[in-house]
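So that you can see what the record holds, here are the features copied from TrEMBL:
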type: SIGNAL; residues: 1-22; note: signal peptide
type: TRANSMEM; residues: 47-70; note: transmembrane segment
type: TRANSMEM; residues: 145-164; note: transmembrane segment
type: TRANSMEM; residues: 170-188; note: transmembrane segment
type: TRANSMEM; residues: 288-308; note: transmembrane segment
type: TRANSMEM; residues: 328-348; note: transmembrane segment
type: TRANSMEM; residues: 369-388; note: transmembrane segment
type: TRANSMEM; residues: 408-432; note: transmembrane segment
type: TRANSMEM; residues: 453-472; note: transmembrane segment
type: TRANSMEM; residues: 492-514; note: transmembrane segment
Amino acid sequence: MGIAVNLVTYLTATMHLPSAAAANVVTDFMGTSFLLCLLGGFLADSFLGRYLTIAIFALIQAIGTGLLAVSTEVRQLRPPPCGPGAAGPCEQATGFQMGVLYVCLYLIALGTGGLKSSVSGFGTDQFDERDARERAAMGLFFNRFFFFISVGTLLAVTVLVYVQDHVGRSWAYGICAGAMLAAIAVFLSGTRRYRYRRSSGSPIVHILQVLVAAARKRNIAKQPLAVSALYEDRHEHARIPHTAQFPCLDRAAVMAGDDDNEVGHDGRPTPNPWKLCSVSRVEEVKMVARLMPVWATTILFWTIYAQMITFSVEQATTMDRRVGGFEIPAASLTVFFVGAIMLTLAFYDRVFVPLCRSLMTGRQGLTNLEKIGIGLVLSIVGMAAAAISEKKRLAVAATSGVAAAGHGSLPISVFMLTPQFLLVGAGEAFIYTGQLDFFITRSPKSMKTMSTGLFLTTLSLGFFLSSALVSLVKTCTRWLGDTINHSRLDYFYWLLAVLSVVNLVAYLVCAMWATAPASSQAEQPQPAMVADEKC
């Protein structure tokens, strides 16, 4: 966060990139960081284990941050400085200079992806869920885990941003690299005391096995198939009841002539998992498939989130940021964003949940789908507030003459932007916890890591969608100019608000579908279903 939140100002002020291009660099970097969580999760589940994954990718992140510190210090790796009094246009960074910056950023993204995919799961590995005391301690672990993430974010948007703006970016990034190395040393010091769990294989591979097995049997003759005729290899207590939904996937569990001619390690015939899968394995894939509509309709929220660390920070750089004799760094305005998250979570836990328990018997607060819905609504209101604030800012820029020069500080307080930070921040508090709860509780036990990866891909795709929308709008309209004062960012914000309203309607439909119980056929005597029915 300490790198991403203030990166857009470095790209525009030091590397002299146009406003839209700078925003896309940031969102592509963030999107790649979260997308690489899938790679980290795959390596942890299939080859390395969580411990080695954390150690290796944390070191990669530290190396990338250290190289970034060096690249911001070496003069040859950035264009000549260009101030308000420059005679001609500012010289934009060369391809080589941007290439070096990209190498540093994407090394950090690679390390972040591997780290995020495993660190929370490795923490839960230290607790035995069968023990009541340890199960209770696990809940405390998550509270502390999120608390320290929030503390780190606050330090990033205040102390580190101040160091970047007033001491030097190389110093700030060097502090980040040093802190990462210290964290690695602390992590390694507990090696002998950790609990380690064996990997059961990658959930991605298990999903592919079901899809491949079902595709291989796509030409099965049209005939009713009894559930009892489908293959199952798990003990009764570990089985997942069969459901009638997505019947085309059930083909993966249909026995064929050559499905059990493989020989296992114990010398017994073993089905090839790429040809035959158990009913329980198929049902696990169905459970993941049921998550996808909600997954798709939460992506747009993170596109709106991306505006808070790109265009909103650029807006702040043009406004009056003085409080007494102190000037607030533009990126530090995101402290309102982080503060809104923490205050919303505290209010929900300490006020709203106890109130629900006292007024409604058996009610423990909002459901995960209700939280997501509230988060989407708040993001719409936040974008509307951002559009109104931007229209006022542009009006001041037009009357003050600063827009013509493209430089300088407008006579309008930066705190006019606080409503959009507060609203979207409160929205993140609801949607983040709602998404995480939804994906973890509704996914099969063997795919908990996969469910966390699915959640993180919504962030990744949200950032990539932001880049795509910015590029599309810049190509088709004149809303996004080279500088923030020569743009109509308010129109872009209204576009996001309208798209979010449409997305909210789609989400409500998907949420109603997700709450409808899937009909189980497990307890009926040889129920029938048609194998070639479409999913």
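Including glycine, each Cβ sits where the backbone N, Cα and C put it.
Contact between the transmembrane segment (47-70) and the transmembrane segment (369-388) is not supported: fewer than 3 Cβ pairs lie under 8 Å, counting only residues 6 or more apart in sequence.
When Cβ distances are compared across the two stretches, the transmembrane segment (492-514) makes contact with the transmembrane segment (369-388), since 3 or more pairs at least 6 residues apart fall below 8 angstroms. Among residues of the same chain six or more beyond the transmembrane segment (369-388), those with a C-beta under 8 A of the stretch's C-beta atoms are 294, 297-298, 300-301, 304-305, 307, 312, 417, 419-420, 423-424, 426-435, 437-438, 490-491, 493-494, 496-497, 500-501, 503-504, 507-508, 511, 514-515.
At the 8 Å Cβ threshold, with sequence separation of at least 6, the transmembrane segment (328-348) comes into contact with the transmembrane segment (145-164) through 3 or more pairs.
Outside the transmembrane segment (453-472) by six or more residues, the chain places 20, 23-24, 27-28, 30-35, 37-38, 41, 116-117, 288, 291, 295, 298-307, 310, 435-436, 439, 443, 480, 492, 495-496 with a CB less than 8 A from a CB of the stretch. Within its own chain, the transmembrane segment (408-432) has Cβ neighbours under 8 Å at 84, 298, 301, 304-305, 308, 312, 315-316, 318-321, 328, 330, 333-334, 336-345, 348, 366, 371-372, 374-379, 381-383, 385-386, 389, 392-393, 396-397, 400, 402, counting only residues six or more beyond its boundaries.
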